[in-house]
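**Q** Could you have a look at this structure, given as structure tokens, before my questions?
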Amino acid sequence: MTSAYELVSDYQPAGDQPQAIKTLNEGLENGLAHQTLLGVTGSGKTFTLANVIAKSGRPTVIMAHNKTLAAQLYGEMKAFFPNNAVEYFVSYFDYYQPEAYVPTTDTFIEKDSSVNEHIEQMRLSATKALLERKDAIIIASVSAIYGLGDPQAYLSMMLHLSRGDIINQRDILRRLAELQYKRNDMAFERGTFRVRGEVLDVFPAESEHEAIRIELFDDEVERISKFDPLTGSIITKDMPRCTIYPKTHYVTPREKVLDAIEQIKVDLAERKKELLANNKLVEEQRISQRTQFDIEMMNELGFCSGIENYSRYLSGRPQGEAPPTLFDYLPKDGLLIIDESHITVSQIGAMYKGDRSRKENLVEYGFRLPSALDNRPMRFDEFEARAPQTIYVSATPGKYEIEKSGSDIAEQLVRPTGLLDPIIEVRPVGTQVDDLLSEIRIRTKVGERVLVTTLTKRMSEDLTEYLAEHGVKVRYLHSDIDTVERVEIIRDLRLGKFDVLVGINLLREGLDMPEVSLVAILDADKEGFLRSERSLIQAIGRAARNLEGKAILYADRITGSMEKAIGETERRREKQILHNEALGIVPTALKKNVADILELGDMTKNKRKIVAPKMKLSEVAEEGASYQSMTPQQLEKEVQRLEAKMYQHARDLEFEQAAKVRDEVEKLRNQFITNS
């Protein structure tokens, strides 16, 4: 069977990669529900996964435990599959304050949120790709387990038009209004339509650069074409048909809304009786007033503020049933890959409990009907039941993944570059600080970097101060530092602006720094979460991308976790040495551009190239640097400002300037994903 995917890479699988790819693909073909890819740091796990996806030819969801890792994966997969649908599905809130009630102070906090339009467009594009294409790869965060609109209602609301259809223009306009598109004959933006005589232009909600033009002759669809909404130039002429998707995942047919209102009225009457029976008069009045207002809004407008709390009625689900999520859009033969599974799996399980306790307060005190409890993320058992065939990916898989996979674990211990796992030394705690200082001096002389991990914030601060007093260029990475600043600190370490980075639990997953040749773990014998076998292996792995990689564990005794971590690292190192000797491989240093950790690859590869006037290199560099230091909120404001400028240029028929500004907006949007 020919795969729908086209993998583009200058490399061929090497080291343990061919065997891992073969094992995982055979497992998928044999119908294995759970497999694990145990891949050491720097062994090219992403490339292995790209090969597995390409060979299997299945639509795939890759889940990451945070937006930073999701953005990194998105960039890498975009580079591997430039001609396929690689999409990004993370939470679209720039800011989110859920509604809550604090009984002790009698304080009700209204829901407040700010939705990022670009991420919303990418989410719509992701579900569209899953519904339309076999070659869809969706990079998602844990927000994938939260409720999304019912796919059946979403599909039933789509507007299909074919050349030669007999349909009245007013009927098309009514259908577009039902899909929550707005008419705007002045500013043509995403999620709007405009009418000029018998020509109807629609800017689809999931599209970035393409709009649809429907030309009618009387009541017949005469021509359908695709055009650039900015310049007006035709992209595809005379299309046989087109499909317009709803503006939001939560769109619902009018009949369903009316049915839901009737059911809400019945449940409201029951809840009022219940509250009165318990002598809760204030709560009874509160639930009555709030729900009646919502019913009125739904009746008049088709939606209301907080309509997600009535999602059970709108999707026709029985009480307690799991909400529809991204997994309901994934075809039956879909594939799920969970990256850094030892963290992501536990995150999936934790989401439900926190949401539940907040909602129970709202229901108990009459702010919401009990149906609000069904607007929630999936429980872990529901996630397990809905998840398709799954591959867990980690250098240190958790108990859950190992139990589920059993013997179906593909090991990727050998790196294509021949690099070995670090040498591990155990040294006494008594002299750890002075010993560390002398080790730092040895490394900095040859231009290498050092990571130091401590147990407490206080110790990190004191150590940073001590090292700085002794002339070491050192920085401290702590939990108060936001994602953007964190990325900048890592970049500065790689560039050599400082030599030593001190932290607590921040030097683990997803940090690729080939310049780091030494990882020092202070108080390694203090058994606990930060010094568990998994944490130690992850920290040791940070030195695995350097030819001179070494890890020093400062401890007065060997704990169980240390013994396991040292044993596992030595087992891997032994296998790597044997492999190198057998094939005559000489380990080579990993070359990774410093820019790689800040950029998402060429996301605009397949988009129109517009030649802009030459700029001075210094100007370009300054511009890029200023974008990197912006917060997501600042970037969003800048995008809005530039978009307004772009549309003004288009209205003034200055298409070259408009296209130039559009390229700038594209850069900002890519940076937004990294910075968020």
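Quick reminder: no glycine exception, Cβ is built from N, Cα and C everywhere.
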**Q** Give the range, chosen from 92-115, 212-235, 524-547, 548-571, that Swiss-Prot lists as motif 'Beta-hairpin'.
**A** 92-115
**Q** Hey, which bits of the same chain come close to the motif 'Beta-hairpin' (92-115), Cβ under 8 Å, at least six residues off its ends?
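**A** Apart from its flanks, the motif 'Beta-hairpin' (92-115) reaches 123, 305-306, 358, 361-362, 365, 367, 632-633, 636, 676.
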**Q** Under DSSP, is Lys45 (ATP binding site) part of a helix or a strand, or is it coil?
**A** helix
**Q** Could you name the residues, excluding Gly39, Val40, Thr41, Gly42, Ser43, Gly44, Lys45, Thr46, of the same chain that surround the ATP site, i.e. Cβ within 8 Å of the Cβ centre of those residues, in sequence order?
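**A** The answer, listed by sequence position, is Thr48, Ala395, Gln412, Arg415.
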**Q** For the motif 'Beta-hairpin' (92-115), DSSP counts of helix, strand and coil?
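**A** Here the numbers are 0 helix, 15 strand, 9 coil.
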**Q** Could you give the number of helix, strand and coil residues in the domain 'UVR' (636-671) as assigned by DSSP?
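**A** Helix (H, G, I), strand (E, B), coil: 33 helix, 0 strand, 3 coil.
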**Q** Provide the number of Cβ atoms within 10 Å of the Cβ of Lys45 (ATP binding site), excluding the reference atom itself.
**A** 22
